[in-house]
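Trainee: Structure provided below as structure tokens; questions to follow.
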Number of protein chains: 2
Amino acid sequence: MSLRHAILVLLQDEEASGYDLAREFANSIGLVWNATHQQIYLELGKLNEQNMVHYRHVPQDGKPDKKLYRITDEGRQELVRWLRRPAAPARVRDAFMVKVAGAALADPETLLGELDQLVQQRKERLANFEAEARKLERQSEGNSRFQHLTLRRGILDQEAWLAWAEEVREVLEDTLSHQH
Amino acid sequence: MSLRHAILVLLQDEEASGYDLAREFANSIGLVWNATHQQIYLELGKLNEQNMVHYRHVPQDGKPDKKLYRITDEGRQELVRWLRRPAAPARVRDAFMVKVAGAALADPETLLGELDQLVQQRKERLANFEAEARKLERQSEGNSRFQHLTLRRGILDQEAWLAWAEEVREVLEDTLSHQH
DNA sequence: ATCCTCATGTAAGACGTTACATGATTTA
DNA sequence: TAAATCATGTAACGTCTTACATGAGGAT
């Protein structure tokens, strides 16, 4: 279980609300570890009980109040302990890839449509990562180097996926032309 | 839930036991969708109850008996229905990546050691995928093209990961040299 | 008017992991 | 002699998703 550790990593450099964290999980870090707001609020509750994070209540007007969390010494110690232990093997659930493997039974046109949508999404994500990476390169302070590596992973991953998508497109278009 | 669909895709071309499927999930398709034998046996039980697969009991000597499963027409129909619906978004749980993001608090030497191990694993996987891909290229029949695409995804993914790992190594080695 | 963003949460149920159980044969 | 391979399963527990709930302010 390292949702807690992903949260602690994010809280290393910044105070954040559950909502803030959920946004980060949906964007940058989401490629690597994803979580919905329900999971995050639950985990923040547990981390707070265990004194690994603390929060201050921030009233706002026009908007709902929020809780800004920050990591505690105990939380930092837990992170250090976890960093020393070998990481659990990566897990993936990519339903679109399962579809491509089973594409012999699929309608090529429908799959091509879905492929186009995913290509669009991936291109947008790539552009976001590249913009974020450029920002970080400008400021180049100490521990931003590791955040930069995370973005580099995102960039290389999108590029590899897009290259693969072109191969898929060729095969699907070829299948289509042989059907008519 | 598409563990069931991943299983049905694998059973499209071949009769297989739960054990056989578990091996495939540990290797080729595992990059895309992973599952342990417990999950697979459970799901095969459900698929059988719902008449999406059938099995025949095969006694063996020297080895335990096995059940060889094959997909039914109903199973194939379910697969076709699923292939038409948009795929669920991909989910990832990559603890090592979380570690890199939090590497500011980590011991660079320990992380480098873990990186080396993962590089080894990925290189072996890459070699396996490339060998499998060459086999498929030789026989080039109808629906092996989609299996080939799955392998291509695996290959591109390993290559991208290995390229990224070199960037990580540089940063970690640099961190190390500035510590002394 | 309707949807999106901000902001937090609960609860039920589905899904997944870890541990346990068995037992013959082959390889190191 | 110990560990791995083949082969199937159950039970307990932990994690994750889906649905529900609230409510103001801003954008379309």
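Residue numbering: from 1, along the chain as shown.
Each residue, glycine too, has its Cβ placed from N, Cα and C.
What TrEMBL records for this protein is below:
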- B:7-79: domain 'Transcription regulator PadR N-terminal' (DOMAIN)
- B:92-173: domain 'Transcription regulator PadR C-terminal' (DOMAIN)
- B:112-139: coiled coil (COILED)
Trainee: Report, as numbers and ranges, which residues of the same chain sit near the coiled coil (B:112-139): CB under 8 Å and 6 or more residues beyond its ends.
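Mentor: The answer is 27-28, 31, 96, 99, 147-148, 151-152, 154-155, 158-159, 161-162, 165, 168-169, 172-173, 176.
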Trainee: Across the whole of the domain 'Transcription regulator PadR N-terminal' (B:7-79), what does the mean pLDDT come to? Round it, please.
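Mentor: Looking only at the domain 'Transcription regulator PadR N-terminal' (B:7-79), pLDDT averages out to 94.
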Trainee: Please list, for the domain 'Transcription regulator PadR N-terminal' (B:7-79), how many residues fall into helix, strand and coil according to DSSP.
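Mentor: For the domain 'Transcription regulator PadR N-terminal' (B:7-79), the helix, strand and coil counts are 40 helix, 14 strand, 19 coil.
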